[in-house]
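Have a look at the structure below before the remarks.
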């Protein structure tokens, strides 16, 4: 049996709408996590260059939208190379949440898992952006269903299956079932800054609050019997002023940070950072005993002994759908067959 593996979950504010400064801060957090013994560090949804919370305050903002696109991260870029190099230098895996800029300047809610060797071993886009997110972000495609990858942590810990989802993907039963079928042992649950509930008169949905979102992460842990790294970010008063969200449903007040680690039976394993204030910045650490994943699956394995595929099953199309598909002429097709 491999020894316990230390993981790190960030609870930090990006430099909103500033990709270069946010990447610099991310690299500092990666180094800090590694120096404290972590072998995997998780960031929150769209941490680069920050979650665009103004979408929950007003229907459109051309100025901020344009600025956001320019500061979103292309997967092939110097900024991504810097993050990869930092992971390799410190021999730590990184689960990165970012706004991805495509060559045509469309943007997507994306996630990447970078190995301790500095390679992007998994890159995916959120299958369906949530509600107002669709005013900015495009959809994922079939290949983005592959959200779990085996990460090589070296001789001490071996290869471990790590997966991730963004935010309300944790409400999607079919998507979750497909993810769980891939056998992850560690799951990164990425969220934006999330506000506490104001009670029965809360202006939004309880499922969008800190308690509601943690509930979804804990439910995923129970269903998957995997450890869940519940990663959230922070929005200070400076962030509110940058995003102009003081009158919105999200980031109305400083806070948003509720990061924690959840066990494979759904229990919360870590205390809040500092004094528990949601505007506290830092890193949450936990040492994971992966034998507890196996022990829990002895009771509950919804893609194994606790399933009935003869009665209920899931169909999946993992093909990537492209905008341009070259038509192959009949002569070329015949030549290919004859060859």
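Every residue, even glycine, has its Cβ placed from backbone N, Cα and C.
Listed features, source Swiss-Prot:
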- 45: active site, proton acceptor (ACT_SITE)
- 126: active site (ACT_SITE)
- 167: active site, nucleophile (ACT_SITE)
- 5-290: domain 'CN hydrolase' (DOMAIN)
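Structural mapping of features recorded in Swiss-Prot.
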{"residue": "45", "record": "active site, proton acceptor", "DSSP (3 states)": "coil"}
{"residue": "126", "record": "active site", "DSSP (3 states)": "coil"}
{"residue": "167", "record": "active site, nucleophile", "DSSP (3 states)": "helix"}
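The number of other Cβ atoms within 10 Å of the Cβ belonging to the residue listed as 'active site', over all protein chains shown, comes to 27.
Contacts of the residue listed as 'active site, proton acceptor' defined by a Cβ separation under 8 A and a same-chain sequence distance of 6+ are given as 51, 97, 109, 166, 167, 190, 191, 192, 231, 233, in order along the sequence. The local packing around residue 167 (active site, nucleophile), expressed as other Cβ atoms within 10 Å of its Cβ over all shown chains, amounts to 24.
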